[in-house]
Amino acid sequence: MSRPALKLRSWPLTVLYYLLPFGALRPLSRVGWRPVSRVALYKSVPTRLLSRAWGRLNQVELPHWLRRPVYSLYIWTFGVNMKEAAVEDLHHYRNLSEFFRRKLKPQARPVCGLHSVISPSDGKILNFGQVKNCEVEQVKGVTYSLESFLGPRTYTEDLPFPPASSCDFRNQLVTQEGNELYHCVIYLAPGDYHCFHSPTDWTVSHRRHFPGSLMSVNPGMARWIKELFCHNERVVLSGDWKHGFFSLTAVGATNVGSIRIYFDRDLHTNSPRYSKGSYNDFSFVTHANKDGVPMRKGEHLGEFNLGSTIVLIFEAPKDFNFRLKAGQKIRFGEALGSL
């Protein structure tokens, strides 16, 4: 039997191996059979296809009588606070997609004006701190490559950076002497507010879209799969703030194939026309607009369907301090850090 055929036939056995109790299939190891690893098994799941199917299901209009019981079950399961919603009446939301993307009352999230960087979304702080050795922690003890995550700084008209080795990549992002590179990872749970906002006053000059996988990004999975954020579909917005380089990356996840950036109508995520392992760039700097897209702190920036992750990577002076604790809950508008 050929090796590919043996591998294909081993998938059903592998699933049974992990599901059946008391190591029922362990005797097979005596004849040389080995189960596929849990990580490889999970990576083989067609999460992009399943997410597109889920997206279509979410857009199916629910009968008026069914809306309250369906949404009430979701609210109870994920602890949604509907008192903050701009529209509390559950019958108002025609489908699950509208409910996931519900807006908040105007004063539900006051924006902190005393700190230089605020949380762009509701969520849980997974990690934060200085970027060292071109490696970033997705959760404590599990890292990913900064260059793999953001993509190469290739020499183009809109990205005037020469190619660099991985050891120089961090230094290439730091544009001002005396600055350091910082990062912050915020995980959005299914019950969280799903819009995200500008974390500071900055200018977006470039967008890079990685089609990638759509694996779950919950903290348990982030501990399990190394470089999970580099595998998943994501949209990297990069530009500048008053202290130099600034970027915000929206990372997709299972059933979160839709990442929308309000000012970017050309962005289409989880599309079958894009293949994994590639990326596509778009510059907001044109002859008519040489400054890019200016964003004010707290301004609406985009939205997810369901939950996902926001990763901030930016440069700032050495005396920048995060006002956070790993694992804490945070809400949009609250302080992340300041000088």
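From the backbone N, Cα and C atoms, a Cβ is placed for every residue, glycine too.
Residues annotated as active site, schiff-base intermediate with substrate in TrEMBL: Ser308.
Around Ser308 (active site, schiff-base intermediate with substrate), taking its Cβ as the centre, 31 other Cβ atoms fall within 10 Å, counting all chains. As annotated by TrEMBL, pyruvic acid (Ser) applies to Ser308.
Per TrEMBL, the feature topological domain 'Mitochondrial matrix' maps to 1-10.
Summarising the annotation, TrEMBL assigns topological domain 'Mitochondrial intermembrane' to 30-339.
Per-residue pLDDT, averaged across the topological domain 'Mitochondrial matrix' (1-10), gives 47.
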